[in-house]
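Structure, as structure tokens:
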């Protein structure tokens, strides 16, 4: 299997390079690249955002190993993982309204400090500090995946008034380079933890300088922007929830996001034990997954240039994920490791297509004044489903096998596909033909 994985990585890397080359030649990419003002603005965002993502990826491969290194049993480790997701559910929903009211730049700075503190808690082997680190880690993750995007969309559309389609350019590039960052972070983590012998706590310490530098750049270069500053915290949270429940176009997009990402997180905890009997090189497997995400992001850009719409590409991503999970049901029932690996690769291509599509669509349907809050509400069912899946699989209760888990994932994705169909109908019916002078304004601006 090792030869198969190394060969797959080589082929996939070549495909990713070819796709990226052609994606860079598309009309949107070329026109945005020829605008020096947009390039400077995009660079100012990427410089910070990529540092934040890189610090997050540095920690990922060694979280479980660190807890194991400190002597904790598997059920205790599972509890710590669940605490992180639960914290995101309980406290994460407040970070969005706080960012909208008090400033997204301020919240991004708080993220850098808070996540640095989370890394420092890993120096202690005491359960209290590790537990506390997971609590603040869940809050930090909510900030990372809502505050930064909210800041960028506001600056792109309101401050600089760049063309709307250039949002897709940014989200597609972010997804592509996220894969590159993940691969490099895996290498850095391995070098510091294993080769240099600093142990599994080293990647967490390595992440801190990147977070602090990101915070310094935010402080010096970012402008402040806000959502609705007149609402109090409780009312802001409730208004975000009401917008989801009573605006069908937002509701259906939220369901698609929640179910797709829950499936993705459950997969993260399943792939290692599934491929484990084949004794694969886990680093190369992870690198192959990241290359597939890069392929998916380039495929998204190429299909957009062929006049596909973002909502159609989102549906393609969900459909690909259904194919992948269906293959996993078969492969895990007969222990066919090669089919499982191929299914995982298909899923990662779907993930690469999904993120730029969902990012663009969120920018179109979510009201600006409640953007960060609504995005965090979207993550609540994701984290609840992930927690439930982890606990049920670990305790071998209602979910008695990996095959059953993948069947449930397939069912969730099928529901997401139906909601995607409904979203497309509602989204297209809400489109209003724009005059040439209005073609840079987000579709939801009139609503807000």
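Heads up, the Cβ atoms here are built off N, Cα and C, so glycines get one too.
Any TrEMBL annotation is an automated prediction that lacks curation.
Now, the feature entries from TrEMBL:
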| type | residues | note |
| --- | --- | --- |
| TRANSMEM | 6-24 | transmembrane segment |
| TRANSMEM | 45-64 | transmembrane segment |
| TRANSMEM | 76-96 | transmembrane segment |
| TRANSMEM | 108-129 | transmembrane segment |
| TRANSMEM | 198-219 | transmembrane segment |
| TRANSMEM | 249-271 | transmembrane segment |
| TRANSMEM | 283-304 | transmembrane segment |
| TRANSMEM | 313-332 | transmembrane segment |
| TRANSMEM | 338-361 | transmembrane segment |
| TRANSMEM | 405-424 | transmembrane segment |
Any contact, the transmembrane segment (338-361) to the transmembrane segment (405-424), with at least 3 Cβ pairs under 8 A: no
Candidates 76-96, 198-219, 249-271; stretch with most C-beta pairs under 8 Å toward the transmembrane segment (108-129): 198-219
Proximity verdict for the transmembrane segment (249-271) and the transmembrane segment (405-424), three or more C-beta pairs under 8 Å: yes
Chain residues outside the transmembrane segment (198-219) and at least six past its termini with a C-beta under 8 angstroms from it: 47-48, 51-52, 54-56, 58-59, 61-62, 65-66, 69, 105, 108-109, 112-113, 115-116, 119-120, 122-123, 188-189, 192
